[in-house]
Amino acid sequence: MNAPLTLPAPAKLNRMLHIVGRREDGYHALQTLFQFIDLCDHLTLAPRDDGKIQLTSEVSGVSHDDNLIVRAARLLQQHSGTALGATLTIDKQLPMGGGLGGGSSNAATALVGLNHLWQLNLPLVELARLGLQLGADVPVFVHGHSAWGEGVGERLTPVTLDTPWFVIIHPGISVSTPGVFQDPQLTRDSRPITMARALQGGAPEWRNDCEAVVKERYPPIAEALNWLAQHAPSRLTGTGACLFAAFDTQQSAQAIAQLAGQHWSTWVARGLNTSPLHDALGYL
Ligand SMILES: C[C@](O)(CO)[C@H](O)COP(=O)(O)OP(=O)(O)OC[C@H]1O[C@@H](n2ccc(N)nc2=O)[C@H](O)[C@@H]1O
Ligand SMILES: Nc1ncnc2c1ncn2[C@@H]1O[C@H](COP(=O)(O)OP(=O)(O)OP(=O)(O)O)[C@@H](O)[C@H]1O
């Protein structure tokens, strides 16, 4: 049996996010640029031969069986028909419900990691299809490359983005994603653009359509965005609560992070074009 593996589950940023429509099932059609950052949870996976899936860490507010790690492991077990199980331990660094995609990333690391550990050799495209059942953001984490995302974020085209240093601020509140998407004031009719157009315009033209509604509903997020915007163009990731700005050097990012840190939880992280998960496994 394979030895235990410890693998990263990185955060993502939505460098831009446009809402271009509403589907019949209520979900919204998006156009977004996903990028990973080197801020990660770590998942340890140990195989077991009794077929059980056991997560040994508590994740606050989430029951064992609802945890996306457990759900991903069970889904893969069922799909592949393997008789093996796993003991899983998550070291959580990413804030929950912060727009950094932590839960989705944990699920993707479980799928990719167990595929390796159980020697299933399923292609990433098959794991991504499975992962979509768990959340719209899971496929990009399974594929492991910066991407232009359409649909609910599952139609992915790999892209190469600039890799600045980001200051990321968590304003200390959590945002209800369904609440934002149900808000009557939400912009949901942005004109669709081509990927080439999105990339050509670059960061100065990027925006997040959720921002106006989120600022209105959550004044502490408006306050943090206004503060960070004094130093550099600032954006929400996903539906928040986290927000970010890009800097050319680690030093300049750290200087702003130090100031922000007096008010909020703050991180400095590097933008990446390939996921640390895939780097760790030697994929891509
Ligand atoms: C906004 C993004 O962060 C962009 O990366 C993600 O699409 C959100 O993904 P997520 O947090 O995994 O959200 P989910 O758990 O899939 O959806 C939560 C709720 O948000 C709404 N929702 C979500 C995604 C989407 N494209 N349209 C929606 O209308 C739906 O009401 C859904 O029930
Ligand atoms: N392993 C997990 N880690 C974090 N959240 C989990 C996990 N399993 C289930 N969840 C649930 O998923 C919800 C969303 O978590 P997540 O951290 O992915 O939100 P997010 O960063 O806002 O993601 P997104 O950018 O996709 O909106 C959490 O509030 C929690 O209830």
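Glycine residues also receive a Cβ, built from the backbone N, Cα and C atoms like all the rest.
If you look up TrEMBL, you'll see LYS12 (among others) marked as active site. Listed in sequence order, PHE34, GLN35, PHE36, ILE37, LEU100, GLY101, SER105, ASP137, VAL140, PHE141, THR237 are the same-chain residues at least 6 apart in sequence whose CB falls under 8 Å from the CB of LYS12 (active site). According to DSSP, LYS12 (active site) is assigned to a strand segment.
Around the Cβ of ASP137 (active site), the number of neighbouring Cβ atoms within 10 Å comes to 27. Feature annotation from TrEMBL assigns active site to ASP137 (among others).
Other C-beta atoms found within 10 angstroms of the C-beta of GLY101 (ATP binding site) number 28, with every protein chain shown included. The DSSP secondary structure for GLY101 (ATP binding site) is coil. If you look up TrEMBL, you'll see PRO95, MET96, GLY97, GLY98, GLY99, LEU100, GLY101, GLY102, GLY103, SER104, SER105 marked as ATP binding site.
As annotated by TrEMBL, domain 'GHMP kinase N-terminal' applies to 67-144.
The domain 'GHMP kinase C-terminal' annotation in TrEMBL covers 206-258.
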Original post:
What recorded positions among LYS12, GLY103, ASP137 have a C-beta sitting less than 6 Å from any atom of ligand 1?
Top reply: ASP137
**OP:** Determine how many residues of the domain 'GHMP kinase C-terminal' (206-258) DSSP places in helix, in strand and in coil.
**Re:** 27 helix, 9 strand, 17 coil
**OP:** With the Cβ under 6 Å from ligand 2 as the test, give me the qualifying entries from the recorded positions LYS12, PRO95, SER105.
**Re:** none
Original post:
What other residues of the same chain, not counting PRO95, MET96, GLY97, GLY98, GLY99, LEU100, GLY101, GLY102, GLY103, SER104, SER105, have a CB atom within 8 A of the CB centroid of the ATP site?
Top reply: ALA11, LEU94, GLY238
Original post:
With every protein chain in view, how many other Cβ atoms are within 10 Å of the Cβ of GLY97 (ATP binding site)?
Top reply: 18
